[in-house]
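What TrEMBL records for Gly14, Ser20, Ile21, Gln41, Ile89, Lys159, Ile188, Lys189, Thr190, Leu191, Ser192 is NAD(+) binding site. Taken from TrEMBL, the feature substrate binding site covers Ala92. Look at TrEMBL and you will find Tyr142, Tyr152 tagged as active site, proton acceptor.
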Amino acid sequence: MGNLLAGKNILVMGVRNKWSIAWGIVNAAINEGANIIITYQGEREKKGASELGADSIFQCDISSDQDIDNLFAAIKEKYGTIHGVVHSIAHANTEDLQNDFIYTSREGFAHAMDVSAYSLVAVSRRAKEIMTEGGSIITLTYMGSEKVFPGYNVMGVAKAALEASVRYLASDLGPSGIKVNAISAGPIKTLSAKGVKNFGSILDTVEEKAPLRRNVTTEDVGKTALYLLSDLSSGVTGEIIHVDSGYHIMGI
Ligand SMILES: NC(=O)c1ccc[n+]([C@@H]2O[C@H](COP(=O)([O-])OP(=O)(O)OC[C@H]3O[C@@H](n4cnc5c(N)ncnc54)[C@H](O)[C@@H]3O)[C@@H](O)[C@H]2O)c1
């Protein structure tokens, strides 16, 4: 047990179960003394999220401005201030991850962008109001924003928008002492990842060709999140940090 995040109130959005990347981050942060506030999307996700030992747990569908307003009002009332936000949320319609990208519907495109990219903007705006001591906001992205991974499709487009949003938010929030960064994780077997066609073959390719000859874990991502959430990364903002076993340098 360390004290990198001792006394810090950290909001983690996107824990569904113990395989979630956000769960790896929660574990790492609890071990470093953080007070963890977790949100879950709806009743279906409540059970998994409530088993994780957070200080507080709130419902929040990130596509609803009302839900986000209610969440931040409740956090302000209970904690007064927060020091970190972890945004670990994405969604696209199943058919848009199964067909070729060219068949993405207007509605499917807007949905993926709203839940997976705009939501970071919506959350950061509210977070700024209660991050009165400065802070750190992090989100999760994937290399499908830069390169074509058949099956990742509209999610790749949404991740490109998310990464650009990180840079613009970092610029807006820097004067308030708030850092905004993204972790670009390698493929990890989670519930969301199972929706991507060919996901299994992506995992196999990494294991075979990445410099470390292995896939990353939620623990690996959790450690980098600790760095970004703590003062160790003071001065680091607007960055996309790759935690992907060096996969992105392999040109595959
Ligand atoms: N698993 C991977 O290979 C991988 C790699 C790189 C980046 N990522 C990213 O990591 C993040 C977390 O995904 P994960 O792989 O841990 O999967 P996951 O299924 O465990 O987590 C996704 C979370 O998004 C939440 N969510 C979806 N729509 C929501 C909404 N409208 N309101 C509130 N919450 C909503 C789900 O409830 C769930 O908790 C995502 O942004 C994903 O794109 C995943």
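From the backbone N, Cα and C atoms, a Cβ is placed for every residue, glycine too.
Long-range Cβ neighbours of Ile21 (NAD(+) binding site) (same chain, at least 6 residues apart, Cβ-Cβ under 8 Å): Gly14, Ser88, Leu140, Ala185, Ile188, Thr190, Thr218, Val221. Counting every protein chain shown, the number of other Cβ atoms lying within 10 Å of the Cβ of the residue listed as 'substrate binding site' is 25. Residue density at Ser192 (NAD(+) binding site): 20 other Cβ atoms are found within 10 A of its Cβ, drawing on all protein chains shown.
Ile188 (NAD(+) binding site) falls within neither a helix nor a strand when secondary structure is assigned with DSSP, and so counts as coil. Here the candidates are the recorded positions Ala92, Tyr142, Tyr152. The one whose C-alpha lies nearest to that of Ser192 (NAD(+) binding site) is Ala92. According to its DSSP assignment, Gly14 (NAD(+) binding site) is coil.
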